[in-house]
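Trainee: Quick paste of what TrEMBL says about this protein:
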- 71-91: transmembrane segment (TRANSMEM)
- 103-125: transmembrane segment (TRANSMEM)
- 159-181: transmembrane segment (TRANSMEM)
- 202-221: transmembrane segment (TRANSMEM)
- 233-254: transmembrane segment (TRANSMEM)
- 310-331: transmembrane segment (TRANSMEM)
- 351-383: transmembrane segment (TRANSMEM)
- 404-425: transmembrane segment (TRANSMEM)
- 431-451: transmembrane segment (TRANSMEM)
- 463-485: transmembrane segment (TRANSMEM)
- 491-510: transmembrane segment (TRANSMEM)
Amino acid sequence: MNENKQEVLDKEVEPEAAEITAMQQKMKPEEEIPIYDDKMDSEEITKSNKVSEVQKKKAKKVKTVMLRREIGLFSAVGLIVSVMIGSGIFITPKRVIEKSGSVALCLIIWAVCGIISYIGALAFAELSIVVPSSGAEYAYFQAAFTNLHRFFGSLPSFIYVWVIVLLVRPAEVAILVLTFSEYVYSPIIKALNVHLSPSVELILKKLIALFAITLITYINYMSVKLYVKIQNIFSSLKVLACVAVIFGGIYCLARGNVEHLKTGFQGTSTNVKDLVLAIFNGLWAYDGWTSVTVVTEEIKQPQKNIPMSISIGVPLITILYFMMNVSYFSILSPQEIIASPAVATLFAEKLFGPVAFIIPLAVAFSTFGCGMSVQFGVARLCLAAGRAGHLISCLSFIHIRKMTPAPAVMLQGILAIVFIMIGNITALIEFVGFLIWIFYGLAMVALLIMRHTKPDVNRTYKVPLFIPIFICGLSLFLAIVPLVLEPAPQYIGAMIFIALGTLAYYIFIYKAMHPSWTGKITCIVQILCSSIPAEVQPENFSSLTLVKSTEEKEKE
């Protein structure tokens, strides 16, 4: 009886077997069903000898894939706007006026910081053409430095991932959703005229923040198109909120409210430390101008659209920021701005009266959209680092149907939740904040190096030489000045964190020590997230061979 069943099975699969055999002869090695191993380089793919014969015969052709290019010019501009306009311009322009001392110098600093951000972004546009990979600084460090030294070559890119992926970006997202919860909670409680204890308020705000991060993670997990649609809506709302403030200011100026602007340079600070900190705070408000280069692999016609989106997005935000500050001074004095915890809210209360709630609502939309875009970008950085072996390999996997970096998105959501529960995480950002400018400076060094090591690349866009040199010098200056002018314990913490990262690099990257449990984690993540390595995508998920570690395969 069993022999008859076997004969029937053989007859069923024989035609398929002949077809598959012919297909496999035409297939290149990288097109065959992969076994991905954490102990192998990310590029190594081998054929499985552990799947059943029926699976092999029914296995369908595997093709090489990339992330889908679903972000056009408008959406790329929206991404820049979404990341750059967070809560800062609505809440904390007081830091610039406080340190600069005068209205005129404050406005000059806002304009200069916008110009610096623009030329820095143009340099990144050239880098994105030379290295057309997602990950921004990480990809550029890999391309420029890796072959220069056996140990130190890959260290900058690893430390960048160590700092940005594990600490800075998830903590930023946590801060943004906590700000979102504050601006959603306060108007509701005020409208309901309810008085709660501080402990209950804290719990409710954290619950709102947890809901927000869950929703953000869901959006980024589900679909790039869904993210793009929501991001475009939120970016438009942000710009409309900025325009509302600007037109309110123009209305006040037209009525002759120019007394604060007439003060000019009165009270200008001559303290070098204060001026440097004013510039530092201004540039921090503009941070995010590299965001479009983080997702290069998902930009349509990147050689054209990345430079164009930067040339539209960054100047647009510079104009908005400058005009918003002019508008603030049309109603508020420098002293009122310095004393206010939320400048835009105070401005709205004085100008819009009963409808002043639109500004807190705009801040809520702004912070939610910014958090969503920050997570979207850092998930692509996780993918690039996992693909290169600098993070566990499963972080480079893509959802088989949704075509999103699902494991990386989930990791960032979990880390953000951890930081939300910690609560006071501003210090975590501050003690590595100065490192951001070190990374910007290193990116400019990478650009200069690749001008020599990759001279034959068709640079459809190329910045003048003085731009990377200027940004490199400015980055070094802004990284060192806080250490000299405001030495603080958090900088020691930053050095310890980097030292731990260097130790991890030595053990797991330089010495290539891979614990056996990484293979198990990769297998579990692959199942839970229905994901596969970014390089391959089978047409039939049932034919996918799950990831196994070398140790597990040897046991079999």
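Placed from the backbone N, Cα and C atoms, the Cβ positions cover glycine too.
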Trainee: Is it true that the transmembrane segment (233-254) and the transmembrane segment (159-181) have 3 or more Cβ pairs under 8 Å, skipping pairs fewer than 6 apart in sequence?
Mentor: no
Trainee: Three or more CB pairs closer than 8 Å, sequence separation of 6 or more: does that hold for the transmembrane segment (159-181) against the transmembrane segment (103-125)?
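Mentor: Answer no, regions not in contact.
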Trainee: So which of 103-125, 351-383, 431-451, 463-485 has the most C-beta pairs under 8 Å when paired with the transmembrane segment (404-425)?
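Mentor: The stretch with the most contacts is 351-383.
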Trainee: Counting a contact as 3 or more Cβ pairs under 8 Å, with residues at least 6 apart in sequence, do the transmembrane segment (103-125) and the transmembrane segment (310-331) touch?
Mentor: yes
Trainee: Find the member of 71-91, 202-221, 351-383, 431-451 that has more C-beta pairs under 8 Å to the transmembrane segment (310-331) than any other listed stretch.
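Mentor: Comparing 71-91, 202-221, 351-383, 431-451 against the transmembrane segment (310-331), the winner is 71-91.
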Trainee: Kindly say whether the transmembrane segment (202-221) and the transmembrane segment (71-91) touch, using the definition of 3 or more Cβ pairs under 8 Å where each pair is 6 or more positions apart.
Mentor: no
Trainee: Which sequence-distant residues neighbour the transmembrane segment (351-383)? Criterion: at least 6 residues beyond either end, Cβ under 8 Å.
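Mentor: Sequence-distant neighbours of the transmembrane segment (351-383): 67, 79, 82-83, 85-87, 90-91, 134-136, 138, 161, 164-165, 169-170, 172-173, 176-177, 179-180, 183-184, 186-187, 212-213, 216-217, 219-220, 227, 230-231, 234-235, 237-238, 240-241, 244-245, 248, 251-252, 288, 291, 294-295, 297-298, 331, 342, 344-345, 391, 395-396, 398, 404-405, 407-409, 411-413, 416, 534.
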